[in-house]
Amino acid sequence: MLSAFQLENNRLTRLEVEESQPLVNAVWIDLVEPDDDERLRVQSELGQSLATRPELEDIEASARFFEDDDGLHIHSFFFFEDAEDHAGNSTVAFTIRDGRLFTLRERELPAFRLYRMRARSQSMVDGNAYELLLDLFETKIEQLADEIENIYSDLEQLSRVIMEGHQGDEYDEALSTLAELEDIGWKVRLCLMDTQRALNFLVRKARLPGGQLEQAREILRDIESLLPHNESLFQKVNFLMQAAMGFINIEQNRIIKIFSVVSVVFLPPTLVASSYGMNFEFMPELKWSFGYPGAIIFMILAGLAPYLYFKRKNWL
């Protein structure tokens, strides 16, 4: 899908992108999973080559941040959650050339959707491609900050469940949720660090106008403030995981202790019953009129004796 936007009084407005409408007036070309015809149109009308899927997947810095005859290129991660609430990072290719911003991505992303909604009612300050790029990065950082806050909130709820829970199913569910939150936190951190690298490259290589240079530095400061919070999330997750595993081990030990005590308590009565169950010819107790009730009483006493002993030693 191809979308194009132009500036009118420093405010983004969408261009109709039918075949008859040229793209030359667009300041922002946004492509989501473009087909061959859309790629060819951008190439023929604007002379811009677009990144391929293998190029989007490259992770080395030289393939993600570079400048060539086709413009300034930045490939950056954007965080998303799909319909099934599975988190991930999707690479977006940014290219700035001749005062125009090209964005190429493989899916719809929350940061882009939020920025387009804001752009309907907010005017840009300088109205250039660099400001567009930095505004998108700024929206991304806001989204990541919200995600960190959501993880904090979820961890607080899990902390109460783990510290107050007394059922094994609660701990199992808590461990599963903790693993999921740790995965989300790792993806958020990866996105923050990747954005930090992209902005550092932009500050070093691009001749940013004064307003955009300060904007880039402000976003970098925001990232620096978020990274320690993100790191503390991992510490909290690890603590809660260890606490949950500790409580699970305590519960398992309690169950094992119960079975051990039961087996020890029933071992002496079993020995008594086995003794009187032997078929020898000379067993005087067999002829006693109180032999059977006496054996039953003996078995009960044999079971009570170790139980009372364990109680006295506070082993139960």
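Counting begins at 1 with the first residue displayed.
Backbone N, Cα and C define each Cβ position, glycine as well.
Taken from Swiss-Prot, the feature topological domain 'Cytoplasmic' applies to 1-254 (among others).
Residues annotated as site 'Essential for ion permeation' in Swiss-Prot: Asn253. Asn253 (site 'Essential for ion permeation') falls within a helix when secondary structure is assigned with DSSP. Long-range C-beta contacts of Asn253 (site 'Essential for ion permeation'), restricted to its own chain and to partners at least six residues apart, with a cutoff below 8 Å, are absent.
Remote same-chain residues near the transmembrane segment (255-273) are listed as 295, 298-300, 302-303, 305-307, 310, 315-316 (criterion: CB distance under 8 Å, separation of at least six residues from the stretch ends). What Swiss-Prot lists as transmembrane segment is 255-273 (among others).
Residues or ranges marked as topological domain 'Periplasmic' in Swiss-Prot (evidence: sequence analysis): 274-287.
Residues or ranges marked as transmembrane segment in Swiss-Prot: 288-310 (among others).
The topological domain 'Cytoplasmic' annotation in Swiss-Prot covers 311-316 (among others).
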